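Noted in TrEMBL for the protein shown:
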- Gly30, Glu31, Asn32, Gly33, Gln34, Gly35, Lys36, Thr37: ATP binding site (BINDING)
- 5-350: domain 'RecF/RecN/SMC N-terminal' (DOMAIN)
Amino acid sequence: MRLLSLAIRDFRNIASADLAPSPRATILIGENGQGKTNLLEAVYLLATLKPLRAGRLAELVRFGEAKAVVSGDFAGAGGSRTIAVEVDSTGRRATVDGKAQDRLDSYFEGLAAVCFSPDDLSLVKQGPEGRRRFLDRAAFNRWPAVLGEAREYLRALRSRNAALRGAVPEVEASFREPLVRAGARLLLRRRELLRELTPRVAAAFAEISGPGAPAVSLAYRGAGGLELSAGDEAELGARLGEILERRLARDLERGYTSAGPHMDDLVLGLNDRGARLYASQGQQRAIVLALKVAEIENLRHALGRPPLLLLDDVSSELDPQKNRYLLEYLATLPAQAFLTATDRRLLEPAAGPEATFYKVEAGRFGPLFP
Ligand SMILES: Nc1ncnc2c1ncn2[C@@H]1O[C@H](COP(=O)(O)OP(=O)(O)OP(=O)(O)O)[C@@H](O)[C@H]1O
């Protein structure tokens, strides 16, 4: 899938923008607070229907306006199509060639987007939420059906939590079953994803760190001691069900579900020691870079081409050696990418002959010649 044109209306500080992205690198240069990240956020929303950083979709609508619209023409193996997403205070609506979509399969067909921003660099040190988010977004990129599956889990979780707060054990029992079913599905997706990603993360980390580097490891830590390494979906569900049964008295007391995919963690290690506690700042960043490269490589392998890449001012946050690695890696990748920086010199090595430059000023995008 290649994005041929992009139209944005009333999205954050962008009143109206029409861009013709490069088939390779589209480079956005501007001072702080001008709208570079907002543009990446618009592309990310279009490609994934998820907000990149907003807590609520309504935050994306330009102050004083009723709705934001992002649309793009994509060319793919089966011809070209226009996809669009509209956001207002009631939620979002997606269309393909102007037609509303109940099921999103035809919307996502062939689409995947990976974003790398300075916030990601603290992924190792942060709490588990950021790492779960990484896993779930990577799983969704890999299998778009995960969007619906994760929603189903969230719905079941909310219902069970409401039942727990009602403190009626008989009612809770009828809400546990759908939660366990949806939970087992997500656990299986995460396990499969980790199976695919682990060797790629190890290879990328070794390449970034050079000879003599420690070995990186990824381990899934299931809340309540849930064991993920073996068993089919039914077995995983049975295990999760047992844990919820064991914790029922506590969950009723607290009014929320204390185990399940929403409480699990991805434990990152270096030579089998927790990277969160023992890895240096540079090593932690190398692990994050390796996770991103692994995700891109995995999608490239699975989809037959790299995903759409969004890199938000990452070069200013990485040390020169890691930045060089990243830009050289990108230069070899036949990927369509959007990159931002305040200083264009930082991105020159990733530019290539087909790069398109834009200058970003107060939500407007003007030409900037190489
Ligand atoms: N809903 C909104 N409506 C209008 N403006 C908004 C909205 N949300 C954010 N903004 C404005 O967008 C600007 C931030 O843009 P953005 O985050 O894209 O900056 P940036 O160019 O990436 O800067 P930096 O280099 O600092 O990351 C801010 O001035 C902010 O006030």
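Cβ coordinates are placed from backbone N, Cα and C, and glycine is handled just like the others.
Using a 10 Å radius centred on the Cβ of Glu31 (ATP binding site) and all shown protein chains, the other Cβ atoms total 11.
There are 10 other CB atoms within 10 A of the CB of Gly33 (ATP binding site), with all protein chains counted. Looking just at the domain 'RecF/RecN/SMC N-terminal' (5-350), the mean pLDDT is 94. Cβ proximity to the ATP site centre (mean Cβ of Gly30, Glu31, Asn32, Gly33, Gln34, Gly35, Lys36, Thr37, cutoff 8 Å) flags the following additional same-chain residues: Asn38, Thr340, Thr342, Val360.
In this structure, the binding-site residues Asn32, Gln34, Thr37 were compared by how many other Cβ atoms lie within 10 Å of their Cβ, and the smallest count belongs to Asn32.
For Lys36 (ATP binding site), the count of additional Cβ atoms within 10 Å of its Cβ stands at 24 [all protein chains shown]. Close to Gly35 (ATP binding site) in the fold, though at least 6 residues off in sequence, lie Arg12, Asn13, Ile14, Val360, Ala362, Gly363, Arg364, Phe365, each with a CB less than 8 Å from its CB. The Cβ of Gly30 (ATP binding site) has 24 neighbouring Cβ atoms from other residues within 10 Å, across all protein chains displayed.
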